[in-house]
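According to Swiss-Prot, the protein has these features:
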type	residues	note
BINDING	Arg62, Tyr114, Arg119, Glu339	substrate binding site
MOD_RES	Lys212	N6-(pyridoxal phosphate)lysine
Amino acid sequence: MQEKDVSSHGFLPRFQHFATQAIHAGQEPEQWASKAVVPPISLSTTFKQEAPGQHSGFEYSRSGNPTXNCLEKAVAVLDGAKYSLAFASGLAATVTITHLLKAGXQIISMDDVYGGTNRYFRQVAAEFGLKISFVDCSKSKLLEAAITPETKLVWIETPTNPILKMIDIEACAQIVHKHGDIILVVDNTFMSAYFQRPLALGADICMYSATKYMNGHSDVVMGLVSLNSETLHSRLRFLQNSLGAVPSPIDCYLCNRGLKTLQVRMEKHFENGMAVAQFLESHPLVEKVIYPGLPSHPQHELAKRQCTGCPGMISFYIKGSLHHAETFLKSLKLFTLAESLGGYESLAELPAIMTHSSVPKSDREVLGIRDTLIRLSVGLEDKQDLMDDLDQALKAAHPTNASHN
């Protein structure tokens with residue numbers, strides 16, 4: 001169920017009861033002898049058994065932890081899923097998912113993906129006998145043409161990182177599931193559970209780098225996976241226990257706490273992101289702005305059909321050269337020059353040199369990851385302060401053209 005929101009800019013209505021579920025799901029005080037309202041941090045690595053092989057739900061913290069269990073139950077509800085698993089990082093989740101495959105199987109990955117995902121597929125997974133194909137999955141015909149009898153997994157991000165292409169999840173699911181037992185994975189990191197529910201659109205697995213919006217405070221490294229298949233869940237749980245890709249109880253506690261403000265944070269990210277995107281689009285020192293919330297985005301209508309809003313992720317091309325981009329980034333005062341995204345603080349980075357430097361230069365050029373492409377993670381500060389900071393940094397990068405206003 002979804003509820004109407006007059007400030008949604010034409011996007012889908014917000015998911016009903018989201019804030020209530022984020023605060024209460026999996027947090028029931030009755031599960032603790034102390035009736036604690038806030039789930040405690042369970043640091044114990046092992047748990048007493050009543051008799052050999054008879055435990056009360058937990059035996060060893062790698063295979064299950066009470067604090068992680070609270071987080072997983074909450075995330076499952078927010079994703080509209082039956083199951084959720086917390087991992088030590090987003091890449092730990094990615095590695096575990098690919099272990100569902102055997103050597104010789106093919107992974108089709110969206111060509112524009114997080115640099116770490118690209119690096120893992122290209123330089124690690126391929127070395128273990130997996131066939132990797134990078135395809136523009138925003139074009140259904142290209143995805144269809146890339147599928148072979150060896151295809152076992154399709155991996156997409158929407159919006160993509162850093163070019164912010166939107167992919168029609170439902171269309172991808174229809175194509176993928178025509179071909180038998182292929183798993184469709186959607187990296188939902190940029191949108192978070194608040195703005196997009198991939199499982200409801202046909203994805204088999206929804207995954208996150210929870211380091212970003214889901215936690216939202218830049219103090220946790222974690223991955224999350226949500227799904228509805230009991231078979232896939234059992235297999236992933238086994239693989240996670242076997243590979244050891246588990247998060248610490250403290251990180252689970254922090255991420256669980258971060259979920260409680262996910263709704264209010266994402267609404268503010270949307271408000272600030274839209275304001276900054278509109279400001280940049282009208283700025284004479286900016287060549288082009290990429291933001292799915294803007295009508296100028298080539299897949300704006302798809303974004304409105306598929307999502308309930310947009311996060312604070314904006315990419316734009318500054319006019320000039322690498323020198324101008326670097327000067328701009330070094331001149332920022334409120335935006336911090338740093339990798340990562342999705343925290344309450346605003347960040348800026350240069351993908352070609354930072355997050356996507358491991359992507360081959362020839363591929364970067366084809367994708368549009370040029371030396372003048374800047375990625376912003378717009379935080380929760382006062383939006384006018386953010387726009388003022390961007391304006392002064394743009395003028396610093398182009399001092400001879402700074403007299404435009």
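Backbone N, Cα and C define each Cβ position, glycine as well.
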Reported as an integer number of Å, what is the Cα distance between Tyr114 (substrate binding site) and the residue listed as 'N6-(pyridoxal phosphate)lysine'?
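Between the alpha carbons of Tyr114 (substrate binding site) and the residue listed as 'N6-(pyridoxal phosphate)lysine' there are 13 Å.
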Report the largest Cα to Cα distance, in Å and rounded to a whole number, among the residues Arg62, Tyr114, Arg119, Glu339 that the record lists as binding substrate.
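Across Arg62, Tyr114, Arg119, Glu339, the two farthest Cα atoms sit 29 Å apart.
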I'd like the Cβ neighbour count for Arg119 (substrate binding site), meaning other Cβ atoms within 10 Å of its Cβ, all protein chains included.
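Within a 10 Å radius of the Cβ of Arg119 (substrate binding site) lie 17 other Cβ atoms.
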What is the Cβ neighbour count of Tyr114 (substrate binding site) at a 10 Å cut-off, with all protein chains included?
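Other Cβ atoms within 10 Å of Tyr114 (substrate binding site): 23.
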What's the CA to CA span in angstrom from Arg62 (substrate binding site) over to Lys212 (N6-(pyridoxal phosphate)lysine)?
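Between the alpha carbons of Arg62 (substrate binding site) and Lys212 (N6-(pyridoxal phosphate)lysine) there are 23 Å.
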Within a 10 Å radius of its Cβ, which of these recorded positions (Arg62, Lys212) has the fewest neighbouring Cβ atoms?
Arg62
Between Arg119 (substrate binding site) and Lys212 (N6-(pyridoxal phosphate)lysine), what is the CA-CA distance rounded to a whole number of Å?
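So the alpha carbons of Arg119 (substrate binding site) and Lys212 (N6-(pyridoxal phosphate)lysine) sit roughly 19 Å from each other.
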Check each residue in the chain of Glu339 (substrate binding site) that is at least six apart in sequence and keep those whose C-beta is under 8 Å from its C-beta; list them in sequence order.
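For Glu339 (substrate binding site), the qualifying residues are Leu347, Glu349, Met354, Thr355.
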